[in-house]
Amino acid sequence: MLLATAAVAASVSWTPAAHADTAACTSRQRPAMARRLDRAIENALRGRTGTESVGVHDRRRGILCWVRKARRYDSASIVKVTVLGALQRRAMEQGRALTSRERSLARAMITRSDNNATSTLWRSLGRTRLQRFLTLAGMTQTRLGPGGYWGLTQITARDEIRLLRLYTGSNEVLSDDHREYGLKLMAEVIPSQRWGVPAGAPAGAGVHLKNGWLPRHGRHWRVHSIGSFDGDGRDYMIVVLTQGAPSMSYAVTTIERVARAVHRVLNPGQKQSIAPSTPGPSWETSDGSAVPEPVG
């Protein structure tokens, strides 16, 4: 488990949400659908406790949506996809495939959210290579966590959408083989961690997912979910970052309200086959990416 000191924890302050949950969705190709998505996201967030950021990109329809796209959050385990990208980029620059050990660590990190594997890769890569990947990916708003505290990396919805774009479309940063391997791992996340943005996805959708969950400053949770969806002509991604929810289950409900609204608008007339999540035994327990402070 990765532990953060009180001094580090105190550097990231929590403030109550000043709700401004106005979605800004645009599309030259499908302006009416973008307006429906505006309203659907706003309705999903209305009345929810906490602060949320949302990013949606439908590449096929040219739809882009934002709520608080530049607000920073403690990453929790969401940063593990960035670590994977940096690992793959290093292998590319060295002209080689991932070693069997690197693949084993990457699989544990993404599919089971293994913290020891993440810490091993974080140390192996070092800050210079991690920062190089962020720069190449255009993730200029992301700030790496201090020292070995990868779970305190500061992320934004804008940068997480940029990361998902790398894995879902051809680019010069990650080869097609590396992209496909990353998506494969995100498709194989264990069942107990498959909550969040998949909620409401239609039958036949390919789901590629990573979640993070971390209580900070008492019980004010940071709970995040990012994912991409393909199959049957689909090509879209959803990012929902949250802070200040009174419990993990409350935050997951908020995320899944947004996800169901987005899937419904982007898949008109199709039955939503992935049901809302039921709290599991690991809920209300930190993902271990940083130590929770005492309740108070």
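Positions of Cβ are set from backbone N, Cα and C atoms, glycine also.
Automated prediction, rather than curation, is the source of TrEMBL annotations.
According to TrEMBL, the protein carries these features:
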type: DOMAIN; residues: 104-242; note: domain 'Beta-lactamase class A catalytic'
type: REGION; residues: 269-296; note: region 'Disordered'
type: SIGNAL; residues: 1-20; note: signal peptide
Across the domain 'Beta-lactamase class A catalytic' (104-242), average pLDDT on the 0 to 100 scale: 97
Helix, strand and coil counts within the domain 'Beta-lactamase class A catalytic' (104-242) (DSSP): 61 helix, 36 strand, 42 coil
